[in-house]
């Protein structure tokens with residue numbers, strides 16, 4: 001947020017700056033330490049004299065030169081420590097400002113000190129960035145390992161509880177002395193239908209809460225920082241696992257459907273949807289545009305590798321006791337969430353980096369703007385911060401809101417003002433039809449992926465495998481994705497980059513990936529045997545990079561300060577997709593179980609159609625003209 005970039009708590013207004021025909025001064029009492037954001041804000045002020053412009057440029061040169069040696073100083077990036085040399089240089093600059101020296105004397109020693117400071121600052125930034133990315137990788141790894149390790153055992157425990165409750169009502173003789181029912185007797189239609197309902201509606205309630213909470217928590221992340229929001233997930237995850245454990249362990253006291261109450265824990269922190277949105281945002285904050293797609297793929301490799309390892313280990317442990325991998329998985333998830341405490345704040349890093357690049361350009365525009373545009377001082381007063389995001393503009397004069405003014409307004413008008421203040425920060429999405437088109441891909445993709453929740457149950461029911469065997473088969477799917485992300489997609493990327501721009505390359509790969517997803521999913525639903533199922537799983541796996549490609553592509557189409565809100569909208573759409581999928585896929589899968597035979601795969605036939613709709617949206621997408629022209633210019637140079 002631009003407001004968070006102000007280096008001191010002193011308010012800055014037009015009255016703090018005095019324009020005279022021969023000078024440009026700032027009162028020492030209110031003179032802040034000038035970083036690039038504030039300097040750029042002053043650019044918008046208009047002077048009636050060209051002399052003021054000249055003296056301002058002379059006056060601002062020392063501050064800009066000093067700050068150029070401090071690319072990410074302590075106030076713009078709180079987790080970075082300013083070097084003593086940099087602090088001394090900045091204090092020297094402020095002393096010069098207070099004395100209003102007319103010009104800055106060039107000193108070779110200052111240049112040498114600046115080069116040393118620059119190298120030290122770069123090394124410090126790289127060290128912090130490396131530790132930061134390692135922490136994010138650790139969190140992603142913990143989430144993936146823990147969740148995947150717990151899913152299979154959780155399904156088996158759900159099934160055993162539903163099976164025991166069913167036979168306790170209709171045929172108690174099938175219950176053994178230890179209170180358990182053989183797994184082979186739990187594949188009947190009644191038990192599997194109840195199991196599908198419990199899992200499906202669990203996803204439904206998770207999705208509803210996530211959809212309602214993601215936007216407010218996303219706004220808070222843009223306002224107070226990423227770290228405080230993700231740290232709220234620590235008690236939420238602990239409460240969620242505690243409720244599920246109590247219901248499953250005391251299944252003779254609580255009904256199985258009481259596990260739905262665990263979703264209420266996401267009221268604190270927003271749940272996995274908000275947590276993953278914050279992780280993607282923090283990664284985007286410190287990653288350059290040309291590195292972003294590769295970084296997303298690395299995260300994908302980590303996820304796929306974790307899926308394979310955790311699924312295989314979980315399946316092996318399930319042959320002993322499903323509770324063992326379940327408890328280990330939950331413990332790993334909680335350990336990963338605790339890593340959020342060590343994360344630095346990244347909200348201001350990208351803004352500082354962007355401001356440095358544009359500072360020199362804005363200063364060259366200063367003289368012409370001061371000469372060409374005169375008058376209208378009150379109108380320009382509202383443009384003190386030209387780099388402010390939409391959130392800041394909502395907080396300005398356009399939407400004043402106080403208790404006194406609110407009491408005088410009609411109720412509907414107050415509700416309109418509040419709703420406008422709530423949704424205006426996201427208006428940048430509706431202004432770009434291409435962004436809207438790509439966002440539909442996230443919505444329908446999540447809807448289509450809903451069938452994966454029941455894939456283990458589908459294999460176990462249709463092909464008469466145990467859940468442990470089905471879970472082991474599914475574990476090889478992410479293992480096949482690792483070479484796809486490490487070798488195949490990078491090789492294709494290098495080949496395509498010879499003839500097209502990065503964004504166009506991502507678009508072409510995304511189109512191929514969605515075709516693989518569509519054909520592979522259809523094959524899963526139609527496969528009459530395991531021998532036919534395995535090739536279909538391979539084809540579907542070939543499209544696993546689709547979501548990472550689309551995420552990289554859509555990130556390049558928004559401003560850096562809008563990425564947190566963009567990722568929040570993405571997670572909201574995926575949460576809405578989860579809500580729709582939890583109802584539709586659960587219902588369709590239950591219908592398939594009722595019909596039996598080949599109709600058990602009806603849910604995968606339906607999701608294949610949804611993937612086809614996503615493919616249509618991606619093929620209709622067109623890159624912005626700026627990207628196209630940039631691509632042609634780069635090819636011409638080659």
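Using N, Cα and C of the backbone, Cβ positions are placed for all residues, glycine too.
As the structure is a computational prediction, the values presented were derived from the model and not from experiment.
The compositional bias 'Basic and acidic residues' annotation in TrEMBL covers 377-388.
Under the heading region 'Disordered', TrEMBL lists 74-119 (among others).
Residues or ranges marked as region 'Disordered' by TrEMBL: 372-395 (among others).
Annotated transmembrane segment per TrEMBL: 130-150 (among others), in sequence order.
For 204-222 (among others), the entry in TrEMBL reads transmembrane segment.
As annotated by TrEMBL, transmembrane segment applies to 229-251 (among others). Residues 154, 157-158, 161, 164-165, 217, 220-221, 258-259, 261-271, 274-275, 278-279, 330, 333-334, 337-338, 340-341, 343 of the same chain, all 6+ positions outside the transmembrane segment (229-251), place their C-beta atoms under 8 angstroms from a C-beta of that stretch.
Summarising the annotation, TrEMBL assigns transmembrane segment to 257-283 (among others).
As annotated by TrEMBL, transmembrane segment applies to 295-317 (among others).
Summarising the annotation, TrEMBL assigns transmembrane segment to 323-344 (among others).
As annotated by TrEMBL, transmembrane segment applies to 479-497 (among others).
TrEMBL lists 509-531 (among others) with the feature transmembrane segment. Same-chain neighbours of the transmembrane segment (509-531): 448, 451, 455, 459, 463, 473, 489, 492-493, 496, 537-546, 549-550, 553, 598, 601-605, 607-608, 611-612, 614-615, 618-619, counting only residues six or more beyond its ends whose CB sits under 8 Å from a CB of the stretch.
Residues or ranges marked as transmembrane segment in TrEMBL: 537-554 (among others). Nonlocal intrachain contacts for the transmembrane segment (537-554), taken as residues 6+ away from its ends with a CB within less than 8 angstroms of a stretch CB, comprise 280, 292-293, 296-297, 299-300, 304, 435, 438-439, 441-442, 445, 477, 480-481, 484-485, 489, 503, 506-507, 509-510, 512-521, 523-524, 566, 570, 618.
What TrEMBL lists as transmembrane segment is 566-593 (among others). Sequence-distant contacts of the transmembrane segment (566-593) (same chain, six or more residues past either end, CB-CB distance under 8 Å): 189, 192-193, 196-197, 199-204, 206-208, 210-211, 214-215, 217-219, 221, 273-274, 276-277, 280-281, 284, 426, 429, 435, 439, 442-451, 453-454, 458, 461, 551, 554-555, 558, 599-603, 606-607.
As annotated by TrEMBL, transmembrane segment applies to 599-621 (among others).
A Cβ distance under 8 Å defines the sequence-distant neighbours of the transmembrane segment (323-344), meaning residues of its chain 6+ beyond its ends; these are 77-79, 128, 132, 135-136, 138-143, 145-154, 157, 226-227, 230-231, 233-234, 237-238, 241, 245, 275, 282, 310, 313-314, 317.
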